[in-house]
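Marked as N-linked glycosylation site by Swiss-Prot: N34, N162. Swiss-Prot lists 107-142 with the feature repeat 'Sel1-like 1'. According to Swiss-Prot, the repeat 'Sel1-like 2' annotation covers 143-178. The repeat 'Sel1-like 3' annotation in Swiss-Prot covers 179-214. Taken from Swiss-Prot, the feature repeat 'Sel1-like 4' applies to 215-250. Sequence annotations record features per position, and here Swiss-Prot assigns repeat 'Sel1-like 5' to 297-333. Marked as repeat 'Sel1-like 6' by Swiss-Prot: 334-370. Per Swiss-Prot, repeat 'Sel1-like 7' is recorded for 371-406. Taken from Swiss-Prot, the feature repeat 'Sel1-like 8' covers 407-442. Among the features that Swiss-Prot reports, repeat 'Sel1-like 9' is placed at 443-478. Residues or ranges marked as repeat 'Sel1-like 10' by Swiss-Prot: 551-586. Residues or ranges marked as repeat 'Sel1-like 11' by Swiss-Prot: 588-623. Marked as signal peptide by Swiss-Prot: 1-18. Annotated topological domain 'Extracellular' per Swiss-Prot: 19-662, in sequence order. For 684-688, the entry in Swiss-Prot reads topological domain 'Cytoplasmic', with the evidence type sequence analysis. Taken from Swiss-Prot, the feature transmembrane segment applies to 663-683.
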Amino acid sequence: MNPLALLVEILIIIEVTTKNTEAERYNRKQKEVNVTTQVSVSKVKQFLLYLLEQGNANKITNKRENPLEKKKHQHKLKIKGIQNKNLLKRNQNYFKNPAKKSITDEGDELFKMGNKILQESKSQKQKTEAYTLFTRAANMGNLKAMEKMADAWLFGSFGMQNITAAIQLYESLAKEGSYKAQNALGFLSSYGIGMEYDQAKALIYYTFGSAGGSMMSQMILGYRYLSGINVLQNCEVALNHYKKVADYIADKLEKSEGIPVEKVRLTERPENLSSNSEILDWDIYQYYKFLAERGDVQIQVSLGQLHLIGRKGLDQDYSKALYYFLKAAKAGSANAMAFIGKMYFEGNAAAPQNNATAFKYFSMAASKGNAIGLHGLGLLYFHGKGVPVNYGEALKYFQKAAEKGWPNAQFQLGFMYYSGSGVWKDYKLAFKYFYLASQSGQPLAIYYLAEMYATGTGVLRSCRTAVELYKGVCELGHWAEKFLTAYFAYKDGDIDSSLIQYALLAEMGYEVAQSNSAFILESKKAKILGKEKLYPMALLLWNRAAIQGNAFARVKIGDYHYYGYGTKKDYETAATHYSIAADKHHSAQAMFNLAYMYEHGLGIAKDIHLARRLYDMAAQTSPDAHIPVFFALMKLETMHLLHDILFFNFTMKWKWLKLDSTVGPYWDLLVIGLIVAMLIFLLRNRHR
């Protein structure tokens, strides 16, 4: 980036943020003393050395172990060498002697080895081995390894959370030009975690981080410019930031389909997290294994898929995946044959890359009409892997697979028409197939749709649509793996570690993370923020989630204004948010709350008839609302009757009705009958 342009952008940021009162309102509520951001290098090292001597950082255990394995193996993994005091001494010498700064070949090699392990496997045992190598590399002055260790302190990896130590190490690394450290300091400043809450400073950190190459900073800035958070809303600037990240993600996805991450919503089942459908329960997993060994082919294929990509809380394990696929393939499963072909086509530790073997299994699956097998053969011919390049054959197989609804084949057809590979360029057909594939969540199809909308290729240009699509692609980055580690941390009771991971994802624009962070803050279990900060920050995050379409968050904002949590009581604003949730999202809770406000005239004009209508709508919208609505209506009718008794002249009414002369001496039986009929009507509504 041009230095002058960077300086101008920073000045604009400072000017805009100084006009924003969010930081001022928030800082007035801060009472605790924040850690200064200007700490000398020697003090940093002295502090870290003290920590190690006290034993606060020398027992590093793996608290992120997969719960499925943890229930069977209760032992804890330990990283050897993390307690080595030489790490701090060498780092201290490294920073104090600029002339002698150098990353040794051995340290660089150790870091590369650790990084390779993380890229090739997602198992916790392998992660532990990787961090052991990072520790040794950091001992030798490797800056990237130091970044890894600072991250471990920040996020509480392996039970070693120490935010103060992380901040001081980040500050030292930032002075050496580390863009990851710049991003981390920006994140901490934006929340006021261990540092002063300062949005202007956070934006400056993010700007320098993005200029240095931080994809996270790029994504954060994209989200801020898209939503107008402490900057002037600017779709084109957001597009520029998001596109850079999306290009990076698309390049990774073209080499691998990536690993989908389960984004568990803490707001849905807070009382029973172990039953969450996004995470496979240990007992159910054991039952599936039993069925698979008994010969259940469908279960064998399912377990193979789960282990292949590491879903539902299971570790990625290529050996187990291949084991189950081979058993199912032997029983004649076309899907299993296709997945075996896929494993050999891509290559991994259990199934080394082998085009001939891939062709064999893809052909076996395709002969049974399997869409995955047909798509696999198309890929072999398209790329010329083990066979000559033949776009005609590739097109034929892609079309057959696409007709069966396989999204990857639909994407490949779209790409052929988009790029003109073996066919005439046809942007309308390209858009058609990209759109079809995107409906199933195919990430590269979403990326190319974003490209078309961003450039106006084959469609009318739309910045907003392009940004939303790019944002979806960006959220498939490797950083999304923190959803799983944050969830396990929360489940294990490590609330601070969970919160800080969700908070970073929330800062990057993930709506689920914004809701989860607000939920944790609202529970008042977090210790990394002062109690006076919890509700204001939770309100801020609920608001961001609501803007992204979360109905529950919208109702929460109404609740905060109704009760005065983190803000002043404001019934009118509460009613506004309840109305939005009721009208736009059809929220039964919002309808009920709004009905109550109309019933009592809180923030809006009292309207009994509208209150009745909203209560009825709430009952019709959600079965769970039937009982609360029944009692609310009973109370409303009772109060209405008492009101009539107190404020109306019933003598005149009875005289006007002339019940004795009109109905006869048994008029009281008629009234009783009417009351019984009304009760039957109410009971019918209750059970409807």
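Cβ coordinates are placed from backbone N, Cα and C, and glycine is handled just like the others.
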Neighbour tally for N162 (N-linked glycosylation site), based on other Cβ positions within 10 Å of its Cβ: 19
Positions on the same chain near the repeat 'Sel1-like 4' (215-250), where near means CB under 8 A and six or more residues out: 13, 16-17, 20, 22, 179, 182-183, 186-187, 199-200, 203, 205-207, 209, 443-444, 447, 450, 454, 463-464, 466-467, 470-471, 473-474, 476-477, 479, 504, 507-509, 544, 547
Segment confidence, the repeat 'Sel1-like 10' (551-586), expressed as mean pLDDT: 96
Close approaches to the repeat 'Sel1-like 10' (551-586) from elsewhere in its chain (Cβ under 8 angstroms; 6 or more beyond its ends): 267, 514-515, 518, 534-539, 542-543, 545, 593-594, 597, 602-604, 614, 617, 621
Contact yes or no, the repeat 'Sel1-like 5' (297-333) and the repeat 'Sel1-like 9' (443-478), 3+ Cβ pairs under 8 Å, gap 6+: no
Structural state census, the repeat 'Sel1-like 3' (179-214) (DSSP three-state): 27 helix, 0 strand, 9 coil
